[in-house]
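One structure is given here, and the rest of the page talks about it.
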Amino acid sequence: MIRIGQGFDVHQLVPQRPLIIGGVTLPYEKGLLGHSDADVLTHAIIDAILGAAGLGDIGQLFPETDPQFKNANSVNLLKKVNEKVGRSGFTIGNIDCTILAEEPKMSPYLAEMKKNLAASCHLAVTQVNIKATTMETMGFVGKKEGIGAIAVALLEK
């Protein structure tokens, strides 16, 4: 059986927070606001994987009302999701994602993001693809008010 899931996440850019995307801390004057580390890419991937497995979403598994997830490392949450999906008999075939950001430029960090995310799911780097694009100055992303991410995951059983 093959299952496909999609995930989407956005977070607001604010001062005095680190900018963590795909488990990589990027040098930038703002970071993403959230209960956890607000890693928008990893959150979208988590939702894509959970959706494909029919296991709910990130908010159900790691609610922001639970203090144990305050400032949580999202890559560690992804590891837990991978374990949960594995216990359900699924393996991840591949993950494909797109980061939506006006700034900073993502290209220098994509290889490290792929490595982090692949390792956390016990995948080969070739099973994870990450792209980045701008919103051509339109909307909240284009106005540099936030960053978004879209992910698709293929699971096999």
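The backbone N, Cα and C atoms fix where each Cβ goes, and this holds for glycine too.
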Matching residue for the divalent metal cation site, where Swiss-Prot names Asp9, His11 - out of His43, His122: His43
Collapsed DSSP category at Ile58 (4-CDP-2-C-methyl-D-erythritol 2-phosphate binding site): helix
Beyond the site residues Asp9, His11, His43: chain residues whose C-beta lies within 8 Å of the centroid, for divalent metal cation: Val10, Leu32, Gly34, Ala38, Asp39, Val40, Leu41, Thr42, Ala44, Gly148, Ala149
Set of same-chain residues at least 6 away whose C-beta sits under 8 angstroms from Pro63 (4-CDP-2-C-methyl-D-erythritol 2-phosphate binding site): Phe69
